[in-house]
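Participant: Pasting in a structure now, in structure tokens, and then I'll have a few things to ask.
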Amino acid sequence: MLASLRKAGSVARAVSAGQKRFLSIHEYQSVELLNSYGIPTPLSIPAKTSQEAFDAAQKLSSTGSVIKAQVLAGGRGKGKFDNGFQGGVHVVESPQQAKEYAEKMLGAKLITKQTGAAGRICNTVMLAERRDPKHEYYVAVLNDRATGGPVLVSSSQGGMNIEEVAAKDPKAIITTPINFEKGLSLTQGLEVAKKLGFSSLEAQTEAANIFINLYKIFKDKDATQIEINPLAEDTNGHVLCMDAKFGFDDNAEFRQKDIFSLRDITQEEQSEVEAQKANLNFIKLDGSVGCLVNGAGLAMATMDVLSLHGGNPANFLDVGGGATPETVKKAFEIISSDPKVKSIFINIFGGIMRCDYIAEGVIKASKELNLNIPLIVRLKGTMETEAKQMIKDSGLKILPFDDLDEAAERAAQLANA
């Protein structure tokens, strides 16, 4: 179960055979989705300008409010903006203070432990009414390999890192299998609520209904995970979702148009967005050797061999079996746009993919983009002889290799020179 929790928290940047991407949405969008299924949350209002933040805080003045930067990353409260402003979550004492906080947040990049040094732009803030929790819980719905289906994961220790809770005290985690077709029954929901320690029958019933409706969203919207942390019982004995994180399966985009229309590409690595448009499987990494490979297995093996010879891959890039000279050129544009890239290693096994197509794309890109980055090329398979002759006739400074180890070693040497 712990493995499932870990996987659920890190799928966003996993390198897999199909380069799976899982859509995430902002907190204010999650609140709207929860409310549409009758799941209670603190009253929340998104704001895209400081004046809208002022107006929202005024509407919430009877309870007081909290302002939250809407950035797709964890650790917002402890984050720091690139303009020096500390923290992406603040209690607001007045509408004027909300306006001042919004002015410092909007348009700035929030840097957290999950964003890396570059941070992520904050285009929206959310004002939420203050609700004082009496106790905080954790609840999630996700797919579990061990049970072969969806499960409800819950704990009475909410408001903290659930992976740490699971590691220190596995018994604190309650895992409840869910029937895929029928969902969670009220009886099951009440049993979980009692185990968690909700104080009254009313609170237990409210919690049970939340569990039931969370699974309905999970199934209806093709979610990969729903995480509520914390789920709180407030001082009035009512249960509500204080914070929510959703992930959705990209394979379901064709039937979840309303959900995928919420995608915010400003929160994504722009080179990955461009690659996706060209149907390239690309994930940006932190190294200095650009990689252009066909086939996910070969791509990962290439990265391993580079590392073995002291190189550090700058990306995962699988051009696939249907690449054309145009898509190869686009791949070069994306790789060469990274200032960290000091050499480019092209490793192609021509099965479905024709080596001459790769060669044509390499030559075209080198000329049109005026590339001055060393190119190390290894071509094997279909139309190999013709491809090698094309590269030789081009007159370009392209370093051809037949041996994988030698090619990887050379690419690493040039990147580290």
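Glycine is no exception: its Cβ is also placed from the backbone N, Cα and C atoms.
Pasting the relevant annotations from TrEMBL:
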type: DOMAIN; residues: 25-232; note: domain 'ATP-grasp fold succinyl-CoA synthetase-type'
type: BINDING; residues: LYS68, GLY75, ARG76, GLY77, GLU136; note: ATP binding site
type: BINDING; residues: ASN229, ASP243; note: Mg(2+) binding site
type: DOMAIN; residues: 292-410; note: domain 'ATP-citrate synthase/succinyl-CoA ligase C-terminal'
type: BINDING; residues: ASN294, GLY351, ILE352, MET353; note: substrate binding site
Participant: Of LYS68, GLY75, ARG76, GLY77, GLU136, GLY351, which binding-site residues are close to ASN229 (Mg(2+) binding site), meaning a Cα within 10 Å of its Cα?
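Facilitator: Near ASN229 (Mg(2+) binding site) by Cα: GLU136.
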Participant: Report the nearest neighbour of ARG76 (ATP binding site) in space among the binding-site residues ASP243, GLY351, ILE352, MET353, comparing Cα positions.
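Facilitator: Given the candidates ASP243, GLY351, ILE352, MET353, the nearest one is ASP243.
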Participant: I'd like the Cβ neighbour count for GLY351 (substrate binding site), meaning other Cβ atoms within 10 Å of its Cβ, all protein chains included.
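Facilitator: That number is 12.
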Participant: Roughly how many angstrom lie between the C-alpha atoms of GLU136 (ATP binding site) and ILE352 (substrate binding site)?
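Facilitator: Rounded to a whole number, the Cα-Cα distance is 55 Å.
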Participant: List, in sequence order, the residues of the same chain other than ASN294, GLY351, ILE352, MET353 whose Cβ lies within 8 Å of the centroid of the Cβ atoms of the recorded substrate site.
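Facilitator: Same chain, not in ASN294, GLY351, ILE352, MET353, Cβ within 8 Å: GLY295, GLY320, GLY321, ILE348, PHE349, GLY350, ARG354, GLY381, THR382.
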Participant: What whole-number distance in angstrom separates the two most remote CA atoms of the ATP-binding residues LYS68, GLY75, ARG76, GLY77, GLU136?
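Facilitator: The span, Cα to Cα at its widest, is 19 Å.
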Participant: Can you tell me which of the binding-site residues LYS68, GLY75, GLY77, ASP243 is spatially closest to MET353 (substrate binding site)? Compare CA atoms only.
Facilitator: GLY75
Participant: Using a 10 Å cut-off, grab the number of neighbouring Cβ atoms around the Cβ of ASP243 (Mg(2+) binding site), all chains included.
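Facilitator: Step by step: centre on the Cβ of ASP243 (Mg(2+) binding site), count other Cβ atoms within 10 Å, giving 22.
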Participant: Counting across all protein chains shown, how many other Cβ atoms sit within 10 Å of the Cβ of GLY75 (ATP binding site)?
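Facilitator: Cβ-Cβ neighbours of GLY75 (ATP binding site) within 10 Å number 15.
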Participant: DSSP helix, strand and coil counts for the domain 'ATP-citrate synthase/succinyl-CoA ligase C-terminal' (292-410)?
Facilitator: 57 helix, 26 strand, 36 coil
Participant: Over all pairs in ASN294, GLY351, ILE352, MET353, the listed substrate binding residues, work out the largest Cα-Cα distance in Å.
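Facilitator: Value for the max Cα separation, rounded to a whole number: 10 Å.
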Participant: Compare the C-alpha of GLY351 (substrate binding site) with the C-alpha of each of the binding-site residues LYS68, GLY75, GLY77, ASP243, and give the closest one.
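Facilitator: Going through LYS68, GLY75, GLY77, ASP243 one by one, the Cα closest to that of GLY351 (substrate binding site) is GLY75.
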Participant: Let's check the environment of ARG76 (ATP binding site): how many other CB atoms sit within 10 Å of its CB?
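Facilitator: Within a 10 Å radius of the Cβ of ARG76 (ATP binding site) lie 22 other Cβ atoms.
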Participant: Give the residue from the binding-site residues ASN229, ASN294 that has the most other Cβ atoms within 10 Å of its Cβ, counting over every protein chain displayed.
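Facilitator: Checking each of ASN229, ASN294, the winner is ASN294.
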Participant: Rounded to the nearest angstrom, how far is the Cα of LYS68 (ATP binding site) from the Cα of ILE352 (substrate binding site)?
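Facilitator: Cα to Cα, ILE352 (substrate binding site) and LYS68 (ATP binding site) are separated by 50 Å.
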